[in-house]
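Below is one structure, written out as structure tokens; comments come after it.
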Amino acid sequence: MTPTGRCRDSQEAGPECQAWTGTLLLGTCLLYCARSSMPICTVSMSQDFGWNKKEAGIVLSSFFWGYCLTQVVGGHLGDRIGGEKVILLSASAWGAITAITPLLAQLSSARLAFMTFSRILMGLIQGVYFPALTSLLSQKVRDSERAFTYSTVGAGSQFGTLLTGAVGSLLLEWYGWQSVFYFSGGLTLLWVWYVYRYLLSGKDLVLALGVLAQGLPVSRHSRVPWRRLFRKPAVWAAVISQLSAACSFFVLISWLPTFFKETFPDAKGWIFNVVPWLVAIPASLFSGFLSDHLINQGYRAITVRKLMQGMGLGLSSVFALCLGHTSSFCESVVFASASIGLQTFNHSGISVNIQDLAPSCAGFLFGVANTAGALAGVVGVCLGGYLIETTGSWTCLFNLVAIISNLGLCTFLVFGQAQRVDLSSTHEDL
């Protein structure tokens, strides 16, 4: 059983569609559980292993070294063999790697090298997820429901960070940092078993593995119109905006736990690791509902996308700047929550805009855009660590986030469009 076109065309498929939506929401949640385990544990691991800020920055940023290499591959495979199969194979691998991370730390005295390697490998494996998800949703979800569906599934990123922040902080305090990796890796492997057992046909998965092994084309329509896509300013605007959104988010998710731990050492970890993501969940769902509602009311799609980006990049950066100019713990939590919550509006802006531009190869195009974002994430997280270590101040980090966000916003406001660009001019129907 797969999330086929029946989800769009048959009322009887409602329960199946709901099951897949919930399953993908949980999958995104577990993706971020595994991804955010390292930032949550960085302070404790640095103490155990003697890392300074620059070395911690290397470990945190190394995830993106791998993450940027498989984005395009993941999107193209999702367009060819089905995004749900790519997602399941990816989850199997990242769950296992997360669960054995504490064991890797004990294999050698060169722990910095081993942890860096494990994070690069994690990035390689998780890099295929969102491009494959974008491919899946662009093919199976109606245009008028696209923003809310993507925002619902995308809310899993906040659920996952929230779950790791809440449970992970307690595990970290009670049982040590190793338990956080065991927890997130184990949950992922349970999810993989459920999907394989109840939702995905074994024959489909075997066929997908055969395609991967043999490199056989599955569809005559899998060819990507490279030249047509990258001649359009709207495509470049989407890529740059996604770069800015991803980089800003990666910098914040990587450094916020350390910021709160060092600036407010007596504060409870579960507060600053939970509250921002608790705010972000309803914000993500609201942004999707608002976006689809405005479009159904007759507003132009590009107007709505730009409004969402104005909130997701512009207003969120204002609250990020405020983080660098307060010494109050309560105000810092409020500003961090507002910034992270508003960033979820990007799900209903640029993430859906990529599906507007090229639904026939949305996975590929999202992969290109997210590759740019991951590369920027490498530079941003490393540069953030360097700035903190050099200046001794967190203000520079939040200024960096604001600059990156507003560069992407300005580009999208000027050049962004929502018309299809993946069709030849003789067949284009706008």
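Each Cβ is built from the backbone N, Cα and C atoms, and glycine gets one as well.
As given in TrEMBL:
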- 20-420: domain 'Major facilitator superfamily (MFS) profile' (DOMAIN)
- 86-105: transmembrane segment (TRANSMEM)
- 112-130: transmembrane segment (TRANSMEM)
- 150-172: transmembrane segment (TRANSMEM)
- 179-199: transmembrane segment (TRANSMEM)
- 234-258: transmembrane segment (TRANSMEM)
- 270-290: transmembrane segment (TRANSMEM)
- 311-342: transmembrane segment (TRANSMEM)
- 362-387: transmembrane segment (TRANSMEM)
- 394-415: transmembrane segment (TRANSMEM)
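For the transmembrane segment (234-258), the residues of the chain that approach it from at least six positions outside its boundaries are 35-36, 39-40, 42-43, 56, 60-61, 64, 161, 165, 269, 272-273, 276, 309, 312-313, 316-317, 320, 336, 339-340, 343, 346, 349-351, 353-354, 357-358, 365-366, 368-370, 372-377, 379-381, 384-385, 388, 397, 400-401, 404-405, 407-409, 411-412, 414-417, 419, 421, judged by C-beta separation under 8 angstroms. Packing against the transmembrane segment (112-130) from elsewhere in the chain are residues 27-28, 31, 34-35, 38, 45, 49, 51, 55, 58-60, 62-71, 73-75, 77-78, 86-87, 90-91, 93-94, 97-98, 101, 104-105, 366, 370, 374: each is 6 or more residues past its ends and has a CB under 8 Å from a CB in it.
Tertiary neighbourhood of the transmembrane segment (150-172): same-chain residues 21, 24-37, 40-41, 44, 133-134, 137, 141, 179-180, 183-184, 253, 257, 268-270, 272-274, 277-278, 280-281, 284-285, 287-289, 291, 340, 344, 347-348, 351-352, 355, selected by CB-CB distance under 8 Å and a gap of 6+ residues from either end.
Same-chain neighbours of the transmembrane segment (179-199): 1-2, 19-20, 23, 26-27, 30, 33-34, 37, 40-41, 84, 88, 91-92, 94-102, 164, 167-168, 171-172, 205, counting only residues six or more beyond its ends whose CB sits under 8 Å from a CB of the stretch.
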